[in-house]
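Trainee: Have a look at this one before I ask anything.
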């Protein structure tokens, strides 16, 4: 076993690890081993014409296997997830118990109640759990989870040129949404089973997808004593690539990396990638 920290980065639903590139660079600069997996049936598959969702339990299986492997080689293992990735992190923490030392949950969405959620949201179960859903999918639209107008324009250009951007896929099918809904229901019912001792929840005050009430759900389920919250004032849902992304990266790194001993070598980042500002 080494004496370092390993961090597993979990991107959003039907998206790619690119969502967390600034965080990944900061963690690597701090000397962490960083793994940003593409999870079959969860991540966007660039080779597939049609994206096919796997069962949510298979998503958790994949993360659990990664945690087990990292645990054998590292003193500490942390999970960092954004949006649906935060739900996946919580699901894995429920499964893995004390094997997870710390979690950073960004834009946790246990309830879709942000300012951009339409009033017809209550009809969503009809699309997810009845035959009506075969004719429906979610199409990404402005503001694409970002408050920064230049980043937003950049995402829009990406979506015009290909099927996925730094903020996620242009279209998310009902199968992915159904499995995510099932995962959310599981997590909300089992939050009390999370044994991870240190949890940081980062959330934007103006999150258009999930309001700050989601932090209250976390506090009630996890217990306020081990939950630290950070509320951002200049971002929307995709906090890792929006105006506050540098603060998100630095706070995440400070939370998951224990204080370094004097003279300990810290690895240089293998790349530097950020969105335009």
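Note: Cβ is positioned from N, Cα and C throughout, glycine not excepted.
Feature table excerpt (TrEMBL):
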{"type": "DOMAIN", "residues": "7-249", "note": "domain 'AB hydrolase-1'"}
{"type": "ACT_SITE", "residues": "83", "note": "active site, nucleophile"}
{"type": "ACT_SITE", "residues": "207", "note": "active site, charge relay system"}
{"type": "ACT_SITE", "residues": "237", "note": "active site, charge relay system"}
Trainee: List every residue in the same chain as residue 207 (active site, charge relay system), at least 6 positions away in sequence, whose Cβ is under 8 Å from its Cβ.
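Mentor: Residues satisfying the criterion: 107, 114, 235, 236, 237.
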Trainee: Taking the domain 'AB hydrolase-1' (7-249) alone, what is its mean pLDDT?
Mentor: 92
Trainee: Cβ-Cβ under 8 Å from the residue listed as 'active site, nucleophile', same chain, 6 or more residues apart: which ones?
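Mentor: Once residues fewer than 6 apart are set aside, the residue listed as 'active site, nucleophile' is near 12, 13, 106, 107, 108, 109, 209, 237, 238.
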Trainee: Check residue 207 (active site, charge relay system) against DSSP and tell me helix, strand or coil, would you?
Mentor: coil
